[in-house]
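Annotated features in TrEMBL:
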DOMAIN    A:56-283  domain 'ABC transmembrane type-2'
TRANSMEM  A:58-81  transmembrane segment
TRANSMEM  A:87-109  transmembrane segment
TRANSMEM  A:142-161  transmembrane segment
TRANSMEM  A:167-191  transmembrane segment
TRANSMEM  A:203-222  transmembrane segment
TRANSMEM  A:258-277  transmembrane segment
Amino acid sequence: MSTLTATREARRPEVTVLDVDAIVARTNPHNTLRQTVSQTMSMAWRATKKMRRNPEQFFDVTFQPIIFTVMFAYVFGGAIAGDVKSYLPLMIPGILAQTVLTTCMATGVQLREDMDKGVFDRFKSLPIARIAPLAGPMVADLLRYTIAATLTFAMGMVIGYRPGGGVLGVTAAILLAIFTGWCLAWAFTWIGTIAKSAQAVQGFSMMILFPLTFLSNAFVGINTLPDGLATFVKINPVSHLVTAARDLANNGQVTSEVWWTLLAGLIVIAIFAPLSVRSYKKHL
Amino acid sequence: MPTTTNAVQATGLVKTFGTFNAVDGIDLEVRQGEIFGVLGPNGAGKTTMLKMLATLHAIDGGSASIFGVDVAKEPHRIRQLLGVTGQYASVDENLTATENLWLFGRLQGVSSKEAKDTAARLLGQFALEEAADKPISQFSGGMRRRLDLAASLITRPPLIFLDEPTTGLDPRTRGQMWDTIRGLVADGSTILLTTQYLDEADQLADRIAVIDRGVKVAEGTPDELKSSVGDSTLQLQLADGADQNLALDVVRRIVGQEPVLTPESGRLNVGLDLADGAADVLIGLRQAGVSITSVSVDKPTLDEVFLALTGHDTGTAETTHDEELETVR
């Protein structure tokens, strides 16, 4: 016993003494806004590294716009608009909205997967803003929205779409879609923080996604729908995005639909960002 | 001691999951500059307690402060004072070792350049330079643990929590980890570590608390704790289980204390103050005509400390108790 004690002491010859009071005095009670932004950008950096090392994460944003654009154009074009070419101005903004929404869903699924990993334990134990681990990946996802939106228009033009709004109109439509996607992603992030598994997020998000995209004017005109359905379609925020994108891309017009879309997006953030942070904290 | 403030001061900590109290009223006092060991079996509540102190679990009852800062009221300050290394390496699989350390530095407000320098210094200190630019997926268990510990030290926190730092490591890596931990204390840090191994607590800790089912059952220096079970243990396997009562009498007479029956039939553990005492017991048994199939003398295990302190072993108590009755019958 005595030998053990002796070795223990012999192994710690010089001990540095920390001035703990000074260290405690240097701690901050809260993160400043600047710190929060910087932490979010660090988390965004992490997410882009992850994307680069797992390129399969880009499959949904590359193949879906290409395949869906071609598929919908040739399957529904003749039936809905008489021919493919006259269907494109109606359909491309619809596909744009649909693609962006699917990308949002991936945000929630990936967050859920990520949160189960050990590194999130460390994020929680660090003095960082609780919103940073959620907002960081979403900032990186802006890249995914941009790819998805741009590819949708590019593919449309390959099969004969000639947007009347010109470069400016199309760019505006793409930016609006990216913004809306980013706002709506907060709702899926919230689902990501409350669901038990990534599969659950996927399943639940699909149930929301399908009615939202198909019960809108994304692929057909509202005048073809029965009254009750038409009412829902008119208030569906996806319809506002689709109409706004059509006005911008096809006519180069900034209509009131743009403002409705922006407002709807901000409302979604105002509701779901705090909910997400709260439920993320609960996960501790 | 530079000041009288304790590194950790906790009173009556309670954590409830549903109706189950994972931590059931634990008091803890960790002094500055010491290594404090929390010893206990799986599921004793060690990790839960650590997580409460690290602001990762809400405190359901009692109170805790770290260097005088209230854990429940000022979690953000607490997170700046702590380095936490969990049971499972909490580093990012998608990043390299350098990128991991750089990210954790940046997140804590270290400038990009300084974070890079710190990462290089820590990787050197933990013998990970060669793996600096490899993805973590190629790391061995020991390397991950070291990287994980390095990640906790970026801002040189004055208090470090180590949750089972050597569980699953091979003996050589384990020894290296012990040296690293001693080095941290020499640099002025205070360490609170949990372990399932008595020898680890014995090697490292200045003081130990033994936790069982959410309750602290003992506290003291390693020497005090071990003296409760003797310095070594004589393990005997009798050739004939029927000799058990006779053997018990012999041992009581020679050692002067009650031997411990293990669940296996005809097996006894005898606590000894000195390993030399084993010979006396063996001679006594030979004279009494008790034949033995195997003998060994060992350091007391956590199981024995537990038996001595709690009256049940580290497994589920109910079954063990039944088995013991079986053995006696």
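Positions of Cβ are set from backbone N, Cα and C atoms, glycine also.
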Interface-richest range of A:58-81, A:167-191, A:203-222, A:258-277 toward the transmembrane segment (A:142-161), CB pairs under 8 Å: A:58-81
Cβ contacts under 8 Å made by the transmembrane segment (A:58-81) with residues that lie 6+ beyond its boundaries: 51, 87-88, 90-92, 94-95, 98-99, 102-103, 106, 144-145, 147-148, 151-152, 155-156, 159, 219-220
Positions on the same chain near the transmembrane segment (A:258-277), where near means CB under 8 A and six or more residues out: 130-131, 134, 176, 179-180, 182-184, 186-187, 189-190, 192-193, 237, 240-241, 244, 247-248
